[in-house]
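Going by Swiss-Prot, these are the annotated features:
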ACT_SITE  Asp123  active site, nucleophile
ACT_SITE  Asp250  active site, proton donor
ACT_SITE  His280  active site, proton acceptor
DOMAIN    48-192  domain 'AB hydrolase-1'
Amino acid sequence: MKILRTPDSRFANLPDYNFDPHYLMVDDSEDSELRVHYLDEGPRDADPVLLLHGEPSWCYLYRKMIPILTAAGHRVIAPDLPGFGRSDKPASRTDYTYQRHVNWMQSVLDQLDLNNITLFCQDWGGLIGLRLVAENPDRFARVAAGNTMLPTGDHDLGEGFRKWQQFSQEIPQFHVGGTIKSGTVTKLSQAVIDAYNAPFPDESYKEGARQFPLLVPSTPDDPASENNRAAWIELSKWTKPFITLFSDSDPVTAGGDRIMQKIIPGTKGQAHTTIANGGHFLQEDQGEKVAKLLVQFIHDNPR
């Protein structure tokens, strides 16, 4: 497996991003290893809040949320998925599979020995994170889902997703910062857009971002469909606290919150919130609001 590593210089002087990098190695399934970057903020002896990003962002997306969570006394773990952020980037599209992404994040949980986790997941962070919850129920204490889903391919994903999937494959240059900009309702500065572009010096670094839309199960016989169906069976028995924090202006995942509230027992009685003035990347549009809701959710649902 050929692996690319973004130079550290690309991450210098990013706006509102003053966090120390941490790294661990995960098996790449081909007799070598990938370096995974993660943030580890707040007291090490506190129960962890795990923040999982999605396509095509990285943990920079959580820069507004982390200070609020740590100020409330929480430890925050925010990894970059392989192919994104400061994590290594396999150079071939075929290096990326749904199962490998799950395995890579499973390795992060295992190596850091995370328990009593509160998960916040958005976009692909949910496709991966909800699998982790279903497969490691004893590690997780609470779940907060925002603008995400866990598709099995048994239901149509909608016109919004199909348009995004087609766009991601046909555009000659995949402009990551522009994609983030188009998924927000607030105006992003050029410096913030550049920060989202920072992990990708050129198109060769973007194979993971290009491949992600094709890995979403969209047919019943998708390679990930069976495992996702199994995950839903487990989630249908999940009685620990589960809250939905979706935004009001995301055409891709709209309605996913109602599905979760219908199926997952742990959603009963929770203060589910539709966050106003938030696009798909609600952490960018309303990060402070999301973080405060997450702090309240943890407070209202002690172990």
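From the backbone N, Cα and C atoms, a Cβ is placed for every residue, glycine too.
Residue counts of the domain 'AB hydrolase-1' (48-192) by helix, strand and coil are 65 helix, 25 strand, 55 coil (DSSP-based).
According to its DSSP assignment, the residue listed as 'active site, proton acceptor' is coil.
In the three-state DSSP reading, the residue listed as 'active site, proton donor' counts as coil.
Around the Cβ of the residue listed as 'active site, proton acceptor', the number of neighbouring Cβ atoms within 10 Å comes to 30. Counting only the Cα atoms, the space from the residue listed as 'active site, proton acceptor' to Asp250 (active site, proton donor) is about 5 angstrom. With a cut-off of 8 Å between CB atoms and residues at least 6 apart in sequence, the same chain places Asn147, Gly183, Gly278, Gly279, His280, Leu282 near the residue listed as 'active site, proton donor', listed in sequence order.
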